[in-house]
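See below for the structure under consideration.
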Amino acid sequence: MAPIFEYFVVCGLGPEIRTLDGNKGYHGVGVLYLPSMLDQYPPENHTLYPPPPPQLPTCVLPAGVEIFSTGFDVNDPSSSPRSYPIVLTEGDGSKIYVSCIAFRDPVSEDIAEAYRIPPNSFADKCICLVSRSPSFTVIRNTLEELFALCFSSDGSSKPLWDVIAHLVSNVPLPTPGRDRVLFAIENCLLSVDPPPKNGLPHVDISFQPLVQCLDVDNLIELFTAVLLERRILLRSNKYSLLTIVSEAICHLIYPFRWQHVYIPSLFFSGVDYIDAPTPYMMGLHSGVDTSYLVMDGVVVVDLEYNRISTSEEIPPIPEPEFSSLRMDILKLLHPKVVGIDQIKTSPAGSSEQWAIPCNQPWGEEQDLQLRLIFLRFFASILGGYRNFIEDSAAQAFNNQAFLKKRSRSTHQPPDAMVSQFLDTHGFLDFLERAGSLEESDSNLLDKLQDAIGRGQNPMSILPSSATEPEIVTISDPNGGESRSGAKYIYDRFPSNIRTEEQEEKRKQILAAASGAFEYIKNAPSSPSVQVGKEALSPMERAAERERMVLDIKVKLQGLWLRLLKLGATDDPLSSFEYGTILALIESDAEGIGGSGFVECISEHIHTGWQCQLTDEQFIAVKELLKTAIILATSRNDMSTVRDALEVSAEMYRKDNNNVPDFVQRHLMSLSIWEELRFWEGFFDYLMERSSDKSANYAAQVTSQLILVASHMAGLGISDTDAWYMIETISEKNNIGYKQLIQLRGFLTHIQQLRVGYWGVSSVKAPSISSMGLSSPRPKDGTDENQQPAEASVVGRSWVQSMFSRDSSRVNSFARVRKWTSDGASVNCNSLHEDSSAAGQKKLQTNVRVLRGHNGAVTALHCVTRREVWDLVGDREDAGFFISGSTDCMVKIWDPSIRGSELRATLEGHKRTVRAISSDRGKVVSGSDDQTVIVWDKQTTQLLEELKGHEAQVSCVRMLSGERVLTAAHDGTVKMWDVRTDTCVATVGRCSSAVLCMEYDDSTGILAAAGRDAVANVWDIRAGKQMHKLSGHTKWIRSVRMVGDTLITGSDDWTARVWSVSRGTCDAVLACHAGPILCVEYSAADRGIITGSTDGLLRFWEHDEGGVKCLRNDTIHSASILSINAGEHWLGVGAADNSMSLFNRPQDRLGGVAGSGSKLPGWQLYRTPQKMVAMVRCVASDLERKRICSGGRNGVLRLWEATINI
């Protein structure tokens, strides 16, 4: 069972003191200082747990740290300890629940001495228990017991941090609906009750504060504002009230979820975030001044005075639901008033299905009834909604038909509130979840609608709790009285034991603060801390950067709103708003300003903005977008360029003829639009984003290419160039001529419309080489200004151009060719000439097509010769491939049986299969359904289903001794025992999703990497982490480990070579022009091969002083997906279904030819005749000279380079 407590954290005044304004040092009492993380358990150097959120100190002490001359005073209520909960939201939407106790604690003597703080001073300190479970009561009770134990006059029998370590490490989270956990702190017994199973979501707060602070009408108005995703600001002078009310209102909108920014307790320095234009729910202490903020459209809820104010009208809930909801709430809150006219006995035979408890103090029963009242409201207002879901796979909802049906049933015009609600992110999210297999059985809204329709008691939808939970007692084996009978008594909250490194760093910081430079000179040199320089920890730097990013985005949002208010007499290019936004875009090397500006526009569009600009606004916006795109291009930030392209197609002004003139047309001078590479990436993005996954593949490709063509026409790209790029992408996706004709007709139509109104575009794109990019045009000596004859004929027949396949046509589009490689690259034509001269003339090959999958092939595994022996014996042509697909199937193929290659189909997964491995008797597969399934290879029976990961499984590896190693997007690497169907251990934890993994079974060394851009290395047998290899700046896509060498390939366009034993980076391989998807290591000569999305295959060798690139091959024109090197053979596969087989020739004595040379020994042996297809994965069987590819259309293509050597 997972632990209920994830961390115990102490925050307060750290060794490096700064004010909230950033000034270092002590500036007297009455000044607020930044809080720091002082202590934590598990400790910072614990490798199996991710670190606490870096923003935690700022959130638990939102007002900052204040220094006082006195501590707790019974006559001063403000000095009393305060207990309150807070909730943090991580980037993936998951919540972290924290219970806090803030109190005054003596300032540490060394800090007071270093900063000259008056002796016997006190400062704010906060102790926190962090949990992933919303068990507010048990977390608060546990923390208060620890606080009381610390300052108890009787003392404790164990050191306080030993008690904390036992609680965090050993108290588990109960199994829903089954276990109750009992544990003790000294002499106090505490319990953790099991959360309900398949009922309403677990909530451990009382809803009474919500209904006590707001009357019924204000409660309904707040509920409506949350439901319509407005900007909501809660105000109170109590932190607990802000969190409890925020959580309560989020639970009242069940089965819907709040999808936007959620900060129940906003730290004081983040008050500017309130002007953000996107939906949010925030809580702010009422003592913070907000009078200088615009707050236009913000719904301000004053919990102290029962007031709600907003400048925008909130549409009311329609009848009859409003009256019914209001009456049900009143019955619950004031039963005696509502029922004062009713007789005590009801007429015979009448019964109240919805029992409302009367004359009872508020408790869990009232909380449940309040939640059911609001659930009943949703069942009424969304009655029959399931009949309007048109596409069950995509969960498309017919809003207009539903509104018309409701209008007819209520005899009223369509409701503004319901119409707006159907367009919210919360409703769309509900539709997606309602269609999933996991939540279809637990959808209480559907169950309640069915129960009401059948006349049943609505309470019947909740699971019964007839069975008593099983008691699980957690005892401390070292608890009780100490052997000596000693007691531990504290006059302040104790510090945890620091490591020597932590103590040394603390002393150096304090010495620098006090001006004791003699200490620094005499102390051992440490590169981490220097006199007069910043000494931020990595966690503090991460928190500082996160605050900076958020601050820039909030400022951009406020400036953007003011920019839209420019009047007809304002000069846009000299306005303050324009100048500030431009400065934020240009001065930011990391691109936060540019991407933030584009994101700000996109979010504003999604909130319902009509996108029409005045002439003044239009001038400013197009210039800002141009700058953002140019700088994003120089950083190769294609996502920002792509987003800017899309928002530019939305924003427009009306010209003199009242025709929309879109911003996009004025971006045509940017040369990025001439790059085929950009449009291919844009098309891939559209395909991934497409919601209609069940559509025919050719139809889906066509619809996305029509969207691409629309953008090209909107930019003003010439018909010739636009069609060349559309046709090239079409050919790579293998669509038919009918779709090509449809695309050509559409492109011709919109080009004629554009030219008919705006005329022919004649703007020459400037070169962007000055921005740091190499020119994408090949230096072939031709005059770039000279247009080829074919391209100059504007009115040429598009049918002739579409069916033309002559090679001369390619040369007429030099402006849209892909990026060329550097001087070391090999031209495709010269490569073929060299190959012919070298005798490589065997181009006839045998490619077989294997059909069986109904969805894209997403995983391929080649079975080794030793494994095949057990099934078919030592046949020369034997050899299996195992494939997985989006159709949830795993299939085993035997190429030796022509015409009947499909040997078995393994069914059991519920979602896409992502990873496959095998040994002599078993096949193991991992899937998006978060499970790992083990199959018997002989009987194809499902043996075990391993459950434990909390996200999709990305890697699997079958090990010796009936063990399985798995990695997933939840950041964990787990080892399983197949015989017992149990997880033996979580052998590794990463801070983000794991995308690739390597394991050496002989040494027990594991390497895993992924989205956190860090390569983690563990020694599993020793049970410890060896290294965290940092250096990459983006996702790591591939790892390869041979002996002491580890190679990683990343989206930052580099590969790195590491030493496993030393944990050092030995070389950085940086010559590719795109993310590196695969890396390989040749053990015979210590050579390295890398493949990238730029289509290049680079060969590297170790040289004196480092690693150098010997050559690069350009025989592939798409992303390299797989490289597999053997002793004498090298197999390569690319995303366009091109394959190649390389050979290192042997001399007559059996040695490698050219022993003095290394990877130059690899020579291209054969390539098959190319069959165009979009490939997702490739696997090589070098023993039998076979390469197999899996396509998006579910087809496997097997190339057999049958040779005699």
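Please read every residue number as a count from 1 along the shown chain.
Backbone N, Cα and C atoms are what each Cβ position is placed from, and that goes for glycine too.
The domain 'UDENN' annotation in TrEMBL covers 13-442. Mean predicted confidence for the domain 'UDENN' (13-442): the pLDDT average there is 85.
Taken from TrEMBL, the feature region 'Disordered' covers 768-791.
Residues or ranges marked as repeat 'WD' by TrEMBL: 906-945 (among others). Long-range contacts of the repeat 'WD' (906-945) within the same chain: residues 437, 855, 858-861, 863, 866-867, 869-871, 882-886, 888-892, 951-958, 960, 964, 966, 968, 976, 978, 981, each at least 6 residues beyond the stretch ends and with a Cβ under 8 Å from a Cβ of the stretch.
Sequence annotations record features per position, and here TrEMBL assigns repeat 'WD' to 946-986 (among others). Residues 48, 50, 911-912, 914-919, 922, 924-934, 992-997, 999, 1001, 1006, 1008, 1010, 1012, 1018, 1020 of the same chain, all 6+ positions outside the repeat 'WD' (946-986), place their C-beta atoms under 8 angstroms from a C-beta of that stretch.
DSSP states for the repeat 'WD' (991-1028), grouped as helix (H, G, I), strand (E, B) and coil, give 0 helix, 24 strand, 14 coil. For 991-1028 (among others), the entry in TrEMBL reads repeat 'WD'.
Here TrEMBL flags 1029-1068 (among others) as repeat 'WD'.
The feature repeat 'WD' is assigned by TrEMBL to 1069-1101 (among others). Summarised by DSSP class, the composition of the repeat 'WD' (1069-1101) is 0 helix, 19 strand, 14 coil.
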Same-chain residues near the repeat 'WD' (1029-1068), Cβ under 8 Å, at least 6 residues beyond its ends: 636, 995-1000, 1005, 1007-1011, 1013-1017, 1074-1081, 1083, 1086, 1088, 1090, 1092, 1106-1107
Residue counts (helix, strand, coil, in that order) that DSSP gives for the repeat 'WD' (906-945): 0 helix, 23 strand, 17 coil
